[in-house]
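Following: one structure in structure tokens, then a few remarks.
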Amino acid sequence: MAALAEEQTEVAVKLEPEGPPTLLPPQAGDGAGEGSGGTTNNGPNGGGGNVAASSSTGGDGGTPKLTVAVSTAAPAGAAPVPAAAPEAGAPHDRQTLLAVLQFLRQSNLREAEEALRREARLLEEAVAGSGAPGEVDSVGAEVASALLSRVTASAPGPAAPDPPGTGTSGVTAVSGSASGPAAPGKVGSVAVEDQPDVSAVLSAYSQQGDPTMYEEYYSGLKHFIECSLDCHRAELSQLFYPLFVHMYLELVYNQHENEAKSFFERFHGDQECYYQDDLRVLSSLTKKEHMKGNETMLDFRTSKFVLRISRDSYQLLKRHLQEKQNNQIWNIVQEHLYIDIFDGMPRSKQQIDAMVGSLAGEAKREANKSKVFFGLLKEPEIEVPLDDEDEEGENEEGKPKKKKPKKDSIGSKSKKQDPNAPPQNRIPLPELKDSDKLDKIMNMKETTKRVRLGPDCLPSICFYTFLNAYQGLTAVDVTDDSSLIAGGFADSTVRVWSVTPKKLRSVKQASDLSLIDKESDDVLERIMDEKTASELKILYGHSGPVYGASFSPDRLWATDHYQPLRIFAGHLADVNCTRFHPNSNYVATGSADRTVRLWDVLNGNCVRIFTGHKGPIHSLTFSPNGRFLATGATDGRVLLWDIGHGLMVGELKGHTDTVCSLRFSRDGEILASGSMDNTVRLWDAIKAFEDLETDDFTTATGHINLPENSQELLLGTYMTKSTPVVHLHFTRRNLVLAAGAYSPQ
């Protein structure tokens, strides 16, 4: 049930003057995307006490109302006796009791009314006064909570579900929240923690309609969608997969194993190909006991599947379900789906396919509306001395070089503050040490010798092949100055190689260090033991495969803490890759739930959710200017994202296997991608990001228009003999370094 707005909530207990209470049909504006919704989980006619609840914010922006209807049915000649009568002293309990007594009177259940009134010791005048509208309407959210907690829903039965909008004595049980979005741990009238108890989560499947009708319900909706207009068909077809999963799980949970098997075999082939891995997991859940230990099922159940649909398509769907009285499907739509409704033309099949595929559907538009400071911080200005070789060196012809005029300072990437950059003190960065300044000076000197890349000037590629790794290479990283390369292996070791003539050395023993002059200029060289020099060092310490290796950046902080400073929780599956934003204010993560998330380091909030990949994400990289993000996954696609607007702006197709590594060139003009298909591909990043459609309509609705042929952006493809590309790196002069382990055929 969708959450109500965070404002004062009124509860109106509406009772019909004659006949049984009716559950209000879904009205315009009650979709989940509009901030409200209702659920109907029907019990058998003539069952015990039941509760129906629905909510709507209305179209006028007024105060939301929670409408509660209560019905009871007793055997002929028997008066139901309440299990416990509330104390009349508590104000909200008194209001609840008055509402129940009024309902009993309206339903001509005199014996039950008198028994309850006698036990509660209430006067007839108090009951008569309960009919005043002001008294009942003034009941707050606490009354609804008390009422729902005192009346339990009837047990499930074989009766067919009641159509939406009809008044029957079969009633629904559901609880709503008056503040914030519906918590994933909120199931029926049972409140659980954020990490839901399995039995509480599964209890939502305990009430269902006639199991023999499920195939008819689903096939009826399928026929309706396939016969609808082309403009609506693509959007409404998004309903097939989540409805299929939830209807199957309901059948399994309620131990209708034969019906569940028949339902799965008939309709699983109709689902999109990128859900096949999930369907294989689902097919293994054939008994109620299997569901309790399955994380995939638990994730699917506790997170509402998000669908983005135009208002016209949504109204068409709602009208069809009401006319056909297809209560079972409407229940699932209201309880398990979040329909993000937008105004405007429906999206095309191509636009929808580009954005769907994750474990929980698309991202809500609200999730990508937070402001993101994607600009770069202004670097501190550092004086760069000129070397003698720069001043007096000779060129190839033997003539002396012209002296270059000495610049006052370089190092700030922009003389002006980037308007999109975060405040300089938003995250306290440590001051640069002398060693950091020396490294930056070397970086700046290398920058002056950098090759400017482009379509007419592609980089050279140097490939490092790990031999005799026997498929044990699990991670690779290269230092920023390209002097060291490290590999993580399945045998728990980390091996570090020097890729320059300078060998790796250990520090001298403590007795030898005491003899060194600590004031000398070359003290860092003197403390190293030349006897230990070698090209390779092996690091031991792990007790399992090393899945990640990374050299420390030039500005590292908070290393004196043993506890994590931030925990970014939100992914529904394993996190496979992470990457800091160039301004250090954000962290991007790629997950097996097929989503990419951007987290704010300052407060730990998720500020962007990107969906569109059809497989687990394995690589991430930011553009040097911080505005764009490139992601690669097992689907072989490279997707490009505009961080500021929260939109997909490009799709690069060409790889035939998992994209394991992505890197932008130092100037941001070329994007390199490495894959398990043994190729390195170079893409024209400048052309990919030019003339982007980021107007207000595109941002609000997600009507992205990707180029039909990404091969126009492909600048070159470079194949290895039989080595998957695990890692890519651009040196400071824009040479590409690639690495991977040889895999014999």
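Cβ coordinates come from backbone N, Cα and C, glycine included.
Keep in mind the model is a prediction, meaning the values are calculated, not measured.
Listed in TrEMBL for this protein:
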- 1-69: region 'Disordered' (REGION)
- 30-50: compositional bias 'Gly residues' (COMPBIAS)
- 154-189: region 'Disordered' (REGION)
- 165-189: compositional bias 'Low complexity' (COMPBIAS)
- 209-337: domain 'TFIID subunit TAF5 NTD2' (DOMAIN)
- 384-437: region 'Disordered' (REGION)
- 384-395: compositional bias 'Acidic residues' (COMPBIAS)
- 407-418: compositional bias 'Basic and acidic residues' (COMPBIAS)
- 466-507: repeat 'WD' (REPEAT)
- 568-609: repeat 'WD' (REPEAT)
- 610-643: repeat 'WD' (REPEAT)
- 652-684: repeat 'WD' (REPEAT)
Sort out the residues at least 6 away from either end of the repeat 'WD' (610-643), same chain, that have Cβ-Cβ distances under 8 Å to it, and list them.
274, 277, 354-358, 361-363, 372, 374-376, 420, 573-574, 576-579, 581-583, 588-598, 649-664, 666-668, 671, 673, 675, 677, 683, 685, 688-689, 692, 694
In this predicted model, what is the average pLDDT of the repeat 'WD' (466-507)?
89
May I have the DSSP-based helix, strand and coil counts for the residues of the repeat 'WD' (466-507)?
0 helix, 22 strand, 20 coil
